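What Swiss-Prot records for G7, S8, G9, A10, M11, G12, N102, A128, E268 is NADP(+) binding site, and it gives similarity to another entry as the kind of evidence. According to Swiss-Prot, the substrate binding site annotation covers N102, N188, N192, S255, on the basis of similarity to another entry. Feature annotation from Swiss-Prot assigns active site, proton donor to K184.
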Amino acid sequence: MLVYIAGSGAMGCRFGYQISKTNNDVILLDNWEDHINAIKENGLVVTGDVEETVKLPIMKPTEATQEADLIILFTKAMQLPQMLQDIKGIIGKETKVLCLLNGLGHEDVIRQYIPEHNILMGVTVWTAGLEGPGRAHLQGVGALNLQSMDPNNQDAGHQVADLLNKANLNATYDENVVPNIWRKACVNGTMNSTCALLDCTIGELFASEDGLKMVKEIIHEFVIVGQAEGVELNEEEITQYVMDTSVRAAHHYPSMHQDLVQNHRLTEIDFINGAVNTKGEKLGINTPYCRMITELVHAKEAVLNIQ
């Protein structure tokens with residue numbers, strides 16, 4: 001199969017690297033010039049659990065011409081519409097497009113560009129880091145769940161899960177992936193934005209009495225909005241999942257902290273807490289915590305003059 005990685009940041013590099021170890025062709029797509037040049041000149045340098053340099057083709061999305069068998073979307077949420085526009089030429093009748101982006105509502109965007117028949121939605125707990133252009137740090141283990149959006153095309157989902165398992169990516173075909181997507185979004189909604197605003201680690205947030213109270217209110221808002229949309233969510237179970245995750249990740253600054261505080265980049269807040277607030281408004285459900293957090297993050301972006 002010919003597999004394109006659409007958005008070759010840290011996670012894209014992880015998936016591209018691991019899939020390249022199977023009998024499948026991988027092409028990385030990205031728009032970051034320094035990253036593209038580094039990989040073209042020196043290969044992708046992998047550190048962490050393995051130390052290796054691999055030669056992988058990389059190009060801008062608009063430069064890709066060969067029809068894809070599989071495209072895995074790892075672009076930033078706000079760049080998704082442009083990416084989908086740029087890759088339209090490599091999507092054939094049977095091309096599978098797997099979305100593994102963090103956050104909520106991406107399927108609505110994808111449907112504007114790609115038929116339901118071709119769309120797979122998923123969620124992953126793999127992690128990865130970039131140490132600079134062309135350098136990926138891959139440590140630890142993870143897994144992912146995915147599902148075909150077209151109930152009459154579940155074979156496509158099983159084929160993709162098999163391919164990813166050959167790459168040791170621990171994929172499971174999930175008959176109902178949406179609750180897992182919401183659960184992961186809730187983890188991000190409780191930790192990412194709050195730690196970015198408070199300039200703290202996940203452990204520091206959860207050690208604070210007021211921080212913990214805020215976390216539980218955010219979880220409640222995610223659950224009531226998700227349930228109103230028909231998603232099967234259990235507040236007690238999700239609260240426990242968030243708490244367990246906070247213990248494992250206690251010493252980490254989450255990705256939004258890296259974006260906002262460390263690197264002064266725009267965040268994906270509109271697709272996490274902001275998405276819950278927007279959905280809540282449409283459903284007539286008040287979500288004051290998600291609304292305030294979204295406004296605070298946007299205010300911080302403005303204060304830092306992030307464009």
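Each residue, glycine too, has its Cβ placed from N, Cα and C.
For the binding-site residues G7, N192, the largest tally of other C-beta atoms within 10 A is found at N192. Cα spacing between E268 (NADP(+) binding site) and N188 (substrate binding site): 10 Å, rounded to the nearest whole number. Between the alpha carbons (Cα) of N188 (substrate binding site) and G9 (NADP(+) binding site) lies a span of roughly 18 Å. Within 10 Å (C-alpha to C-alpha) of K184 (active site, proton donor) lie the following binding-site residues from G7, G9, M11, N102, N192, S255: N102. The 10 Å shell around the Cβ of S255 (substrate binding site) contains 19 further Cβ atoms across the protein chains shown. Taking every pair among N102, N188, N192, S255, the residues listed as contacting substrate, the largest Cα to Cα separation comes to 11 Å.
Cβ neighbours within 10 Å of M11 (NADP(+) binding site), excluding its own Cβ and spanning all shown chains: 24. Across the fold, the C-alpha of N192 (substrate binding site) and the C-alpha of G9 (NADP(+) binding site) stand 18 Å from each other.
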